[in-house]
Amino acid sequence: MGVIDVLAAVGERFPAVRKPERKPTLYRRLAWTGVILVLYFIMSNIPLYGIPPQNIGGQVDLQRIIFASSAGTLMELGIGPIVTASLIIQVLVGAKIIKLDLADPEGRRKFTSAQKVLALAFAALEAVAFTVGGRYWVGTAIEPGPLDYALVSLQLFLGALLVIYFDEVMQKGWGIGSAISLFILAGVAQGVVWSIFGTIPGVAQDYGLVPAIISNPDLTLLARPNGFPDLTGFFTTLAAIILLVYLQAMRVEIPITSERFKGIRSRVPLQFIYVTNIPILLVGILVSDLLLVQRLLADYLGVESRAYQIYSSIVYYLSPPRGVVQSIADPVKTAVFIASWTVLSIVFGYMWVEIAGLNPREQAERLIKGGLAIPGMRSDPRVLERVLRRYIYPLTFLSSLIVAALVIVADIFGAYGTGTGLLLAVGIINQYYAMITRERALETYPLLRRILGEEVV
């Protein structure tokens with residue numbers, strides 16, 4: 001029995017959300033999705049009991065977007081545990097370290113159960129690390145005791161547990177999509193709306209763009225200091241969204257023919273953004289984790305220690321700048337940010353293609369198994385692999401570079417919701433549009449539903 005089997009066996013002992021006996025209607029699934037979204041926003045506004053009020057907030061935008069989290073609340077850990085668990089298992093499966101066929105229902109069942117156990121383990125670990133590491137008591141005269149640690153850790157763990165079950169509700173078919181995608185989209189949308197209309201009472205009444213225009217309509221709105229939303233960021237946001245929608249619609253088509261039905265020809269469309277948002281997402285997760293560790297080290301080592309200062313300097317240069325003013329004020333940071341994110345995005349892009357089974361060899365094997373071949377060439381995996389290699393690796397490099405460049409430019413010019421957030425949000429909206437369109441088609445034409453073997457509650 002392997003590790004995945006042990007984790008799956010443990011996971012099956014936990015309470016689970018039952019799958020609907022028959023597929024719910026689209027409106028019912030939308031209603032469930034709306035309920036989950038409302039619960040997410042409620043949890044994002046319930047502060048943790050037992051921590052100093054002044055230590056609620058202060059979260060870096062990148063962390064808030066990547067993990068759909070809200071500092072000092074029940075959503076402090078956000079989707080971090082479940083995303084980390086999922087990525088680890090997918091990487092191990094893709095690297096063939098763990099043998100698991102995700103195309104097989106039994107393999108998917110094991111994956112889901114193992115992911116739940118691993119996510120709960122990460123939730124418990126992060127909850128303890130946040131509290132014992134002094135995350136909520138840094139800079140205060142309060143000396144927390146064991147009861148304080150236990151109380152806050154329990155709240156963090158319960159918040160993460162609810163997120164895991166929210167995702168299970170969605171994944172089992174009660175809602176549409178996944179809770180992970182839904183929460184990321186909600187967080188990005190909230191950030192964009194806040195940048196346009198937000199105010200911070202007693203600190204910055206004119207924080208958002210609209211309040212700033214009303215209070216002080218002059219040329220300073222083109223570029224504001226301290227990372228405040230400005231007109232440059234607003235127009236950058238619009239341009240980034242339009243460009244992302246266009247790029248995600250682009251395809252590179254490879255001509256194919258059917259071996260079973262001679263004379264039938266078609267094309268296999270490869271997304272121009274072949275690696276989608278995965279490389280830049282992995283870069284964002286890496287930098288977010290480094291920022292998280294920085295906060296924990298501040299308590300253990302002290303902000304004056306040499307080791308902490310070296311570490312915080314590295315994290316500072318890897319973190320995205322907050323708008324045009326900061327980018328110009330610190331050109332060295334901007335240059336390091338551009339170089340590091342570009343290189344890491346390309347490296348992660350190639351890694352993901354190999355790990356996720358998107359490389360030429362595995363794609364060729366899939367086409368051969370499907371009875372497909374390229375016109376004028378032998379139906380040989382090695383021949384097909386050589387042809388696909390001319391498409392896939394250049395697409396991997398180019399798409400990783402383009403995605404990184406778009407996110408970097410968006411961050412430098414202060415796009416609302418961050419460049420990474422906009423990239424994720426546009427991709428998620430595209431997925432939701434496709435899912436809802438499909439569901440509406442199935443409800444409009446019941447015959448399609450019967451062909452697919454689906455029933456309505």
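Quick reminder: no glycine exception, Cβ is built from N, Cα and C everywhere.
Over in Swiss-Prot, the protein carries these features:
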type	residues	note
TOPO_DOM	1-20	topological domain 'Cytoplasmic'
TRANSMEM	21-47	transmembrane segment
TOPO_DOM	48-59	topological domain 'Extracellular'
TRANSMEM	60-88	transmembrane segment
INTRAMEM	60-67	intramembrane segment
INTRAMEM	68-79	intramembrane segment
INTRAMEM	80-88	intramembrane segment
TOPO_DOM	89-109	topological domain 'Cytoplasmic'
TRANSMEM	110-134	transmembrane segment
TOPO_DOM	135-146	topological domain 'Extracellular'
TRANSMEM	147-171	transmembrane segment
TOPO_DOM	172-178	topological domain 'Cytoplasmic'
TRANSMEM	179-197	transmembrane segment
TOPO_DOM	198-229	topological domain 'Extracellular'
TRANSMEM	230-251	transmembrane segment
TOPO_DOM	252-276	topological domain 'Cytoplasmic'
TRANSMEM	277-298	transmembrane segment
TOPO_DOM	299-332	topological domain 'Extracellular'
TRANSMEM	333-352	transmembrane segment
TOPO_DOM	353-395	topological domain 'Cytoplasmic'
TRANSMEM	396-414	transmembrane segment
TRANSMEM	418-432	transmembrane segment
TOPO_DOM	433-457	topological domain 'Cytoplasmic'
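The listed stretches are 277-298, 333-352, 396-414; of these, 277-298 has the most Cβ pairs under 8 Å to the transmembrane segment (110-134). Residues in the topological domain 'Extracellular' (299-332) partition by DSSP class (helix H, G, I; strand E, B; coil) as 24 helix, 0 strand, 10 coil. Between the transmembrane segment (230-251) and the listed ranges 147-171, 179-197, 333-352, 396-414, 418-432, the one holding the most Cβ pairs under 8 Å is 396-414. Residues of the same chain lying 6 or more positions beyond the ends of the topological domain 'Cytoplasmic' (353-395) and with a Cβ under 8 Å from any Cβ of it are 90-91, 94-95, 252, 254-260, 265, 268, 270, 272, 274-275, 278.
Count of Cβ pairs under 8 Å against the transmembrane segment (179-197): among 21-47, 147-171, 418-432, the largest is for 418-432.
Same-chain residues lying 6+ beyond the ends of the transmembrane segment (277-298) with a Cβ under 8 Å from its Cβ atoms: 60, 62-63, 65-67, 83-84, 87, 129-130, 133-135, 138, 307-308, 311-312, 314-315, 318-320, 341, 344-349, 352, 356, 400, 403-404, 407, 420, 423-424, 427.
Long-range Cβ contacts of the topological domain 'Extracellular' (299-332) within its own chain (Cβ-Cβ under 8 Å, at least 6 residues beyond either end) map to 60-62, 133-135, 137-138, 223-228, 230, 232-233, 287, 290-291, 293, 340-341, 408, 411-414, 418-420. Under 8 Å from some Cβ of the transmembrane segment (147-171) lie the Cβ atoms of residues 16-17, 32-33, 36, 39-40, 43, 48-51, 73-82, 112, 116, 119-120, 123-124, 126-128, 130-132, 136, 177-180, 182-183, all in the same chain and six or more residues away from its ends. This prediction places the mean pLDDT of the topological domain 'Cytoplasmic' (172-178) at 90. Sequence-distant neighbours of the topological domain 'Cytoplasmic' (172-178) (same chain, 6+ residues past either end, Cβ-Cβ under 8 Å): 17-20, 23-24, 26, 29-30, 32-33, 36, 428, 431-432, 435-436, 439. A Cβ distance under 8 Å defines the sequence-distant neighbours of the topological domain 'Cytoplasmic' (89-109), meaning residues of its chain 6+ beyond its ends; these are 2-4, 8, 115, 118, 354-357. Same-chain residues lying 6 or more positions outside the topological domain 'Extracellular' (198-229) and placing a CB less than 8 Å from one of its CB atoms are 322-326, 414, 416.
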